[in-house]
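**Q** Got these off Swiss-Prot a minute ago, pasting:
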{"type": "DOMAIN", "residues": "1-141", "note": "domain 'Globin'"}
{"type": "MOD_RES", "residues": "Ser3", "note": "phosphoserine"}
{"type": "MOD_RES", "residues": "Lys11", "note": "N6-succinyllysine"}
{"type": "MOD_RES", "residues": "Lys16", "note": "N6-acetyllysine"}
{"type": "MOD_RES", "residues": "Lys16", "note": "N6-succinyllysine"}
{"type": "MOD_RES", "residues": "Tyr24", "note": "phosphotyrosine"}
{"type": "MOD_RES", "residues": "Lys40", "note": "N6-succinyllysine"}
{"type": "MOD_RES", "residues": "Ser49", "note": "phosphoserine"}
{"type": "BINDING", "residues": "His58", "note": "O2 binding site"}
{"type": "BINDING", "residues": "His87", "note": "heme b binding site"}
{"type": "MOD_RES", "residues": "Ser102", "note": "phosphoserine"}
{"type": "MOD_RES", "residues": "Ser124", "note": "phosphoserine"}
{"type": "MOD_RES", "residues": "Ser131", "note": "phosphoserine"}
{"type": "MOD_RES", "residues": "Thr134", "note": "phosphothreonine"}
{"type": "MOD_RES", "residues": "Thr137", "note": "phosphothreonine"}
Amino acid sequence: VLSSADKANIKATWDKIGGHGGEYGAEALERTFLCFPTTKTYFPHFDLSHGSAQVKAHGKKVADALAVAAAHLDDLPAALSALSDLHAYKLRVDPVNFKLLSHCLLVTLAAHHPAEFTPAVHASLDKFLSSVSTVLTSKYR
């Protein structure tokens, strides 16, 4: 459960990300593909090279979905329902991959905002990404 302090940290972080969401999303995807090569299996039709337009576009989708989630912290299941359906029923993404991408997102955010990435912010973002992952995998059951 996200506390009021967590929610404040999440909203403040998303405000700081601003127009860099797509860039950070793409960087996090690239990190995921490099560190966890099995994640590439879901993107056989993508050019996965550094700076690929397809990775950038998907990174923007990830960032946009997280921005929606950050704006609806009190009702993540409703905010992410369509995305949950897509990943569970059509794409059939292995749930572990959400955790891997979440880790790479945290690394990316820490790399770009080291001063703001305090232990409290880290914990709040980790809880947020875990909550998002839980919602995205909730329809697998």
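Glycine too: its Cβ is placed from the backbone N, Cα and C atoms.
Worth saying up front: this structure is predicted, and the values here are computed from it rather than measured.
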**Q** Based on Cα distances to Ser102 (phosphoserine), point out the closest of the recorded positions Ser3, Tyr24, Ser49, His87.
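**A** With Cα distances computed to Ser102 (phosphoserine), the winner among Ser3, Tyr24, Ser49, His87 is Tyr24.
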**Q** Out of Ser3, Tyr24, His58, Ser124, Thr134, point to the one nearest Lys11 (N6-succinyllysine) in space (Cα versus Cα); all of them are recorded positions in the record.
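**A** Checked the recorded positions Ser3, Tyr24, His58, Ser124, Thr134; minimum Cα distance to Lys11 (N6-succinyllysine) goes to Ser124.
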**Q** For the C-alpha pair, I'd like the distance in angstrom between the residue listed as 'heme b binding site' and Thr137 (phosphothreonine), rounded off.
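**A** Given the Cα positions, the residue listed as 'heme b binding site' is 8 Å from Thr137 (phosphothreonine).
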**Q** List which of the modified residues Ser3, Lys40, Thr137 have their Cα within 10 Å of the Cα of Ser124 (phosphoserine), in sequence order.
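**A** Neighbours among modified residues, in sequence order: Ser3.
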**Q** Just to confirm: which same-chain residues, 6+ apart in sequence, have a Cβ under 8 Å from the Cβ of Ser3 (phosphoserine)?
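**A** Listed in sequence order: nothing, so none.
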**Q** Give me the DSSP three-state residue breakdown of the domain 'Globin' (1-141), ordered helix, strand, coil.
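**A** When I sort the residues of the domain 'Globin' (1-141) into the three classes, I find 111 helix, 0 strand, 30 coil.
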**Q** How many Å separate the Cα atoms of Tyr24 (phosphotyrosine) and Ser131 (phosphoserine)?
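**A** A Cα-Cα distance of 20 Å.
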**Q** Determine the most Cβ-crowded residue among the recorded positions Lys11, Lys16, Lys40, His58, using a 10 Å radius around each Cβ and all protein chains in the structure.
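**A** Most Cβ neighbours within 10 Å: His58.
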**Q** Which whole-number value in Å describes the distance between the Cα atoms of Ser131 (phosphoserine) and Thr137 (phosphothreonine)?
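**A** Computed Cα spacing between Ser131 (phosphoserine) and Thr137 (phosphothreonine) is 10 Å.
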**Q** To which of the modified residues Ser49, Ser124, Thr134, Thr137 does the lowest count of other Cβ atoms within 10 Å belong?
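**A** Output over modified residues Ser49, Ser124, Thr134, Thr137: least Cβ neighbours within 10 Å is Ser49.
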